[in-house]
């Protein structure tokens, strides 16, 4: 019998790959009448964090650097975060704590264990994060985006379904995208990607003669220069919309013929959900997580191609885009993504948690 859940605390922070799933879980739990509190770092000004969401900033730090001053500073931040998280959890009194990876969740997870609150985790990537691996020995269960990663954890692990961000098939954004062919969506990730913002526009303007009705929806990231990227498209006479962040990303993906993107877990999940072929350019850091994600997308999902950042050139990108926009290739990749999607779990994270309690 499923246990009644009244309150849930979410340990969040870091990049969009950790934050977006947490917000999705928050929305799903709120619809069930469950009170949700977000605890973490770096969300105060995050564009995804809407008004009315209960959030408390928790200091965090990872003392794994050689500089002794930084070690001391980060250790103090971690201790401060742990004490504040203990206080917030005592006041909120949740029935469980859910961690979404990244070291920003560390103080909250430690505080949750100290209060003996049941712990759950969510892993977005195909390579398990270190925090999730560490805490899996204490967790009641962990939900994952992709089933191959379940073997890496010491607790019950299962692929779960997370509701996607809101979208509308009749939205103005969707209509704008579908009025042009081809529509290409460029996503640099939640932190932006300078090399994508530089190389991709230069490559796409070279294709304007082949695709005169091409429309590009380019999300540069919150720290990037929108006007600089837009100038390249305008100079090349490419119809475009350049934005730092896109709240209606699913609308754009559903209307797109191709997406050019980093290979973070969240965008990979949304590309798969929208069944849109992709050219993935994985971020070379983050312990190689994105390259593993991209290889899975190419080799298992057969949904597109991968270009390593060190191999990225305008010429190569033009070749890959031309290949991807071929109607036969595009249809084949869409069908592959659709076939894989039909095999995926439909069990919600909420249902999985209730089974494990």
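Yeah, the Cβs are placed from backbone N, Cα and C, and that goes for glycine too.
These numbers come from a predicted model, not from an experiment.
Listed features, source Swiss-Prot:
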BINDING   15, 16, 17, 125, 190, 290  UDP-N-acetyl-alpha-D-glucosamine binding site
Coarse DSSP state, helix versus strand versus coil, of residue 290 (UDP-N-acetyl-alpha-D-glucosamine binding site): helix
Fewest Cβ neighbours within 10 Å, where candidates are the binding-site residues 15, 125, 290: 15
Cβ packing number for residue 17 (UDP-N-acetyl-alpha-D-glucosamine binding site), 10 Å threshold: 28
